[in-house]
Amino acid sequence: MRAVLLGAPGSGKGTQGERLSQQYGIPQVSTGDLLRAAVAAGSELGKQAKAAMDAGELVSDQIVIGIIRERLTQPDAAKGYILDGFPRNFTQAQALDEMLATLERPLQAIILLDVNFEVLMRRLTGRRTCQACGAIYNIYFSPPEVDHRCDKCNSDQLVQRSDDNEETISNRLRVYEAQTAPLVDYYEAQGKLYKVDGEDDITKIAKNIGQILETAR
């Protein structure tokens, strides 16, 4: 199975990607993780990516596509893969399709996790992390049993990330929406886009995605 998980920040892409990876025995390919690994390994593409990041620039699509290509030609991706976090826009989608065509391994399904803007805001602004043990909560959906106190270690150091404020998150979501609209149209035209209600519980979402992937095989 060769698939892409699309969704806004807070839509649950990472969680569903992990479940699909385990279920199908195929790698979850996150561009963020790939870039960090390439930089750490000191590969040629990793060096180019590091140079861009050190200069405060975005890593070019050409470099990212090259790193993805290297990853998808590894043995564990022979049966398929789940792309998480890429493509982010129309240009990247076209470049990805062109690269996959050279490998003769086109995408089979693009899963869009559809979540209401207000729900995304609550998911992201409500996140709290225990500084003592790393446990993660959400004050709206999965709060600690006692306000401001960690269930696991009893610490009162539950903090909100500095970039989890409403203004920053709202801007991130607006940018995502603007970039993703043409991407959705692009994959719909190919007949490969499937929308899944990302507000259901995690198990039901996973079941719905699994049914789609079985059909798309």
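Placed from the backbone N, Cα and C atoms, the Cβ positions cover glycine too.
Annotated features in Swiss-Prot:
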type	residues	note
BINDING	GLY10, SER11, GLY12, LYS13, GLY14, THR15, ARG127, ILE136, TYR137, ASP200	ATP binding site
REGION	30-59	region 'NMP'
BINDING	THR31, ARG36, GLU57, LEU58, VAL59, GLY85, PHE86, PRO87, ARG88, GLN92, ARG161, ARG172	AMP binding site
REGION	126-164	region 'LID'
BINDING	CYS130, CYS133, CYS150, CYS153	Zn(2+) binding site
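The structure, with features from Swiss-Prot marked on it.
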residue: GLY12; record: ATP binding site; Cβ contacts under 8 Å, 6 or more apart: LEU113, VAL115, GLY198, ILE202, ILE205
residue: GLY14; record: ATP binding site; Cβ contacts under 8 Å, 6 or more apart: SER30, ASP84
residue: THR31; record: AMP binding site; Cβ contacts under 8 Å, 6 or more apart: VAL64, ILE67, ILE68, LEU83, ASP84, GLY85, PHE86
residue: VAL59; record: AMP binding site; Cβ contacts under 8 Å, 6 or more apart: LEU35, GLN48, ALA49, ALA52, MET53
residue: ARG88; record: AMP binding site; Cβ contacts under 8 Å, 6 or more apart: GLN179, THR180, LEU183
residue: CYS130; record: Zn(2+) binding site; Cβ contacts under 8 Å, 6 or more apart: ILE136, TYR137, CYS150, LYS152, CYS153, SER155, GLN157, LEU158
residue: ARG161; record: AMP binding site; Cβ contacts under 8 Å, 6 or more apart: ARG127, THR129
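Within 10 Å of the C-beta of GLU57 (AMP binding site) there are 9 other C-beta atoms, taking all protein chains into account.
Secondary structure of the region 'NMP' (30-59), assigned with DSSP and counted as helix (H, G, I), strand (E, B) and coil, comes to 22 helix, 1 strand, 7 coil. The helix, strand and coil residue counts that DSSP assigns across the region 'LID' (126-164) are 3 helix, 12 strand, 24 coil.
Outside the region 'NMP' (30-59), and at least 6 residues removed from its termini, the chain residues within Cβ reach (under 8 Å) are 14, 17, 66-68, 70-71, 83-86. Counting only same-chain residues six or more apart in sequence, the Cβ atoms lying under 8 angstroms from the Cβ of CYS133 (Zn(2+) binding site) belong to CYS150, LYS152, CYS153, SER155. Cα of GLY10 (ATP binding site) to Cα of GLU57 (AMP binding site): a distance of 25 Å. When the binding-site residues GLY10, ARG127 are scored by other C-beta atoms within 10 Å, GLY10 scores highest. In the three-state DSSP scheme, GLY14 (ATP binding site) is classed as helix. Across the binding-site residues listed here (CYS150, CYS153), the residue whose Cβ sits among the most other Cβ atoms within 10 Å is CYS150. Over all protein chains present, the Cβ of PHE86 (AMP binding site) has 22 other Cβ atoms lying within 10 Å.
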